[in-house]
Amino acid sequence: MANVVVVGAQWGDEGKGKIVDWLSEQADIVVRFQGGHNAGHTLVINGQTYKLALLPSGVLRPSKLAVIGNGVVFDPQAFLDEVKKLQGQGVAISPENLRIAENVTLILPLHRELDATRENAAKAGAIGTTQRGIGPAYEDKVGRRAIRLMDLADLDTLPTKIERLLAHHNALRRGLGQPEIDAGQILADLSAMAPHLLPYAESVWRLLDIKRREGKRILFEGAQGALLDVDHGTYPYVTSSNTVAAQAATGTGMGPGAVGYVLGICKAYTTRVGAGPFPTELTNEIGEEIGRRGKEFGVNTGRKRRCGWFDAVLVRQTVRTCGIHGLALTKLDILDGFDSVEVCVGYKLDGKEIDYLPAGEGAQARVEPIYETIEGWKEPTANARSWAELPAQAIKYVRRIEELVGCPVALLSTSPEREDTILVQNPFEA
């Protein structure tokens, strides 16, 4: 019986939410292990649409335990707002089915303000963050001045911790020409929220260890994508956390041996939000058409996603850096009807052919894709639930992707609906 880690194999927005929800039916526990409320996902269940940002997908399934791990940065107000919205849709959320790591780092309003100030000041050099305070919160965590959930349980020592945090942030704000923050206001806000947050607090590493020893199935839910990893992504156009599969262990307090099967999610084409290199980007009518068909707009921000052909070089690289055992290929139906589709099989960099994305920012911007043209298919793949329902040419496309990235397709998604999924290999039984 394997635990399963789900990671994005591209730049995020690959359809992880649907796949995690589909897998969560077989899991006992669903765990978020990195990121914050900057990476939203949409789930469609029985015709009802749910939009999640911070909460694990497991909250939508009765009898499942959802967990937010220590690797997440946690915005208390965003959490309370999301819980209220889901409860309004009839979703039961309480400490009975949701636990939050007591040592999770909190995102405060000052983090959001700093994030926005930096992005706006950078102008053309902006990274393209969601301005939700994710990066500044991780900075405070590494700088050992962050406020953590457990700190709200001791209001006697909390003022000292707030003062230590503000010694840093007020110095920054003075330099940016912004008014200083009053420690009393932060203390009042956190004190007011504490009774609503602390009932969820848990020693998550211990909880998960106990559950694992009991034989419970654990599903680790990654946010964003491996190409946004702060170390292995397209730096500096990345997020502020590690998004590769190994973070599932660090971000929950479980040992690497508990991780198990790694499932990488990727679209049948490529998208990216925000700035940064994108070798296969299509700025023509085809790119626009893919975006229209795929409804490529951010769940949280509404930002338009950049679209391009499938990049086998990048996905192959992610397969290696994440140790991916199988892929879940999504949105194959978006390519229905094209006369032909292109797949990037390599790059040219300064006249030389290479089979990987270099780490340097300048080199990443200069690489040129080498394409292989594959015949398209006219018959629809949408809503298919078996290989027999797929056009022969669509199957050839999937098989070619497997060859190029060196990894089998374990799941194939043909619509946003949970049931429209073709299972090749069950990750929990691999």
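Just so it is clear, glycine is given a Cβ too, placed from its N, Cα and C backbone atoms.
The candidate list T130, T157, T250, T252 contains one residue that Swiss-Prot assigns to the IMP site with D13, E14, G15, K16, N38, A39, G40, H41, R144, Q224, T239, R303, namely T130.
Each of the recorded positions K18, H41, R303, K304, R305 was ranked by the number of other C-beta atoms within 10 Å, and first place falls to K18. Here the binding residues for IMP are D13, E14, G15, K16, N38, A39, G40, H41, T130, R144, Q224, T239, R303. Their largest Cα to Cα distance works out to 34 Å. Reduced to three states, the DSSP call for G15 (GTP binding site) is coil. Looking at T42 (GTP binding site) and T130 (IMP binding site), their Cα atoms lie 17 Å from each other. Taken residue by residue with DSSP, L332 (GTP binding site) is part of a helix. The least crowded of the binding-site residues G15, G40, G302, judged by other CB atoms within 10 A of its own CB, is G302. Every protein chain considered, the tally of other Cβ atoms within 10 Å of the Cβ of Q224 (IMP binding site) stands at 27.
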